[in-house]
Amino acid sequence: MKKTAQYFSKKKYLLKTILTSKVKSTIDRYKKCRFWLTKGLWRVANNWKETAPVASRKTAGIDSMFQGLDENRDVLVKRLNAGQELYPNCDTSIWLRNCTHDIPTPVQGKIEGKIPEWLSGSLLRNGPGSIQVGNYEFKHIFDSSALLHRFAFKNGAVSYQCRFLESNTYKQNKAAQRIVITEFGTRACPDPCKTIFHRVSNVFKWGDDQSDNAMISIYPIGDEYYAFTENPIMIKINPTTLETLNTIDIARMTGIVHHTAHPHMAADGAVFNLATVPKIDGPHYCVVKFPRVDSESGYQYSTDEMFGRMCIVATIKCRWPLHPGYMHSFGITEHYFIVVEQPLSISLSTAMINRFKGDPMYSALKWFQDCPTLIYLISRSNGKTVKTFKSDAFFYLHIINQYEEDDNVVIDICCYRDPSMIDCMFVEALQNLNKNPDYAAMFRSRPLRFVLPVNRNPISSDIVNEHPYVSPEKLCDLGCETPRINDLKIGTKYRFFYAISSDVDAKNPGTLIKVDTYNKTCKTWCEKNVYPSEPIFVSSPDAEDEDDGVILSSIIWGGSECTHKAGVIVLDAKSWTEIGRAIFITQSPVPKCLHGWYAAAV
């Protein structure tokens with residue numbers, strides 16, 4: 001009996017020694033991996049600094065587009081020291097409201113003015129729904145639980161309903177009453193059940209500990225509608241009831257680790273998106289296609305068949321093997337895919353360490369101010385790069401539109417000087433808006449146009465590394481975000497785009513903007529204390545001109561007394577005047593949303 005006890009004691013000691021050794025060696029390997037990856041990254045970054053484009057040091061570059069737009073900082077500091085609000089017209093609490101109840105049954109709105117009777121469909125919206133889980137709070141607006149909205153138009157009446165997207169992340173958080181999955185800017189609460197080996201095993205694979213909180217956009221694929229995020233999943237929703245149906249896991253199908261939240265819909269129903277795919281020689285940007293129609297037989301695939309036939313139609317290697325660029329949207333024209341690689345990248349070494357430690361992805365973002373933005377033109381016929389251009393460093397989320405004209409490709413983008421606006425969307429930053437004299441400058445954007453000569457170099461071209469330099473022109477002198485156009489004009493020459501203001505220091509930050517790209521002029525609509533969302537264009541039945549139709553925008557009101565109030569406004573797109581609106585008093589607070597889609601006849 002004594003020998004048996006000694007035997008098991010030795011076994012226990014040996015097992016403990018082996019386990020300790022394995023843990024130590026694992027940690028040592030990760031430390032070495034991080035060291036060498038970081039060393040390699042700095043070598044790549046330093047090489048790019050040595051070859052930084054001459055154009056990035058020009059005085060007539062993108063920086064000049066923002067000169068004179070920011071209020072004197074000393075004036076703001078004096079105002080702050082005097083106890084005055086820095087941005088008295090901007091109410092950021094509209095992002096921080098917490099929806100507490102679904103509204104599954106449509107409620108009828110009070111109509112003011114007139115809603116066109118020909119409008120028959122649903123304005124579907126997606127965005128942050130609640131920053132709270134139990135007694136815990138998300139740190140960033142991009143982490144907020146996704147909330148779906150539906151404004152249904154029929155015979156001049158409008159109804160409203162909303163529902164939380166019941167993703168796996170949402171259900172786990174709700175069941176645990178805490179944040180159990182790490183998000184973009186929020187670390188999950190520690191889980192004592194997850195061992196170091198569990199964390200190690202999940203570093204290189206997509207799993208249940210990855211967020212599927214699809215709170216950015218909504219797009220149709222085939223005859224169905226899906227909520228999107230930048231993680232490689234799509235969540236199917238019922239556009240009538242807003243019920244969450246099932247999840248499509250793109251990562252397991254193709255090895256994609258990231259895709260944009262803004263795919264493109266082709267005229268034949270095919271869907272294209274830009275994804276990041278790891279390969280042996282480093283990460284690549286890949287354009288993936290979900291075909292709708294069989295090119296030979298003309299047979300129309302079901303949505304499930306579209307997913308089954310997904311294929312890569314274009315590939316380009318990321319310029320930095322250890323730092324793929326952050327992508328939120330891309331461009332498509334008749335002959336080209338357009339990939340705009342900004343110098344905001346994701347450090348793979350930091351991302352792996354973050355997954356191991358459970359830290360949020362935000363800290364893996366790295367900005368290289370001295371490196372150019374690269375714009376790739378990729379042939380749609382063979383998937384190969386036709387030409388690469390470079391411009392000064394800028395940050396962007398949304399491409400407005402792109403088209404071919406004569407021997408050029410024109411691309412319009414909502415540009416920022418740098419990615420500081422992401423910092424502005426942290427909950428703490430929003431709460432302390434009036435204590436930050438740099439906030440407005442950090443959130444400053446302008447719509448810029450880049451003209452890319454396909455078969456020649458720009459007239460004022462400084463060629464470094466064989467990439468011709470292009471300098472943009474400003475389309476208007478207002479900050480524009482969440483831009484939309486007449487969908488029939490996507491990828492072709494267009495005249496008008498519609499946006500919301502991104503100037504938090506404007507007289508009225510809740511402004512809807514119509515930009516005439518031909519004349520470089522703007523029209524604006526605003527109302528005190530009203531905050532519109534992304535403007536969506538709907539063509540009138542007898543439309544002849546590009547702007548024959550209406551603009552739909554969901555609206556909310558600022559102030560603590562208006563948290564339970566929501567609405568939708570209808571503007572005449574041509575005259576930019578209000579036609580009518582529907583107002584709803586809700587059981588629960590309604591926060592500001594992000595992106596959406598107009599589903600005709602739904």
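Going from the start of the chain as shown, residues are counted 1 onward.
Even glycines carry a Cβ here, placed using N, Cα and C.
The feature Fe cation binding site is assigned by TrEMBL to His262, His328, His398, His595.
With a cut-off of 8 Å between CB atoms and residues at least 6 apart in sequence, the same chain places His262, His328, Ser329, Ile413, Cys414, Glu481, Thr482, Pro483 near His398 (Fe cation binding site), listed in sequence order. Taking Cβ-Cβ distances under 8 Å and a sequence separation of 6 or more, the neighbours of His595 (Fe cation binding site) in its chain are Arg125, Asn126, Gly127, Ile216, Ser217, Ile218, Ala261, His262, Thr482, Glu534. Just so you know, the Cβ of His328 (Fe cation binding site) picks up 18 other Cβ atoms within 10 Å once every protein chain is counted. Taking the Cβ of His262 (Fe cation binding site) as centre and 10 Å as the limit, one finds 20 other Cβ atoms among all the protein chains shown.
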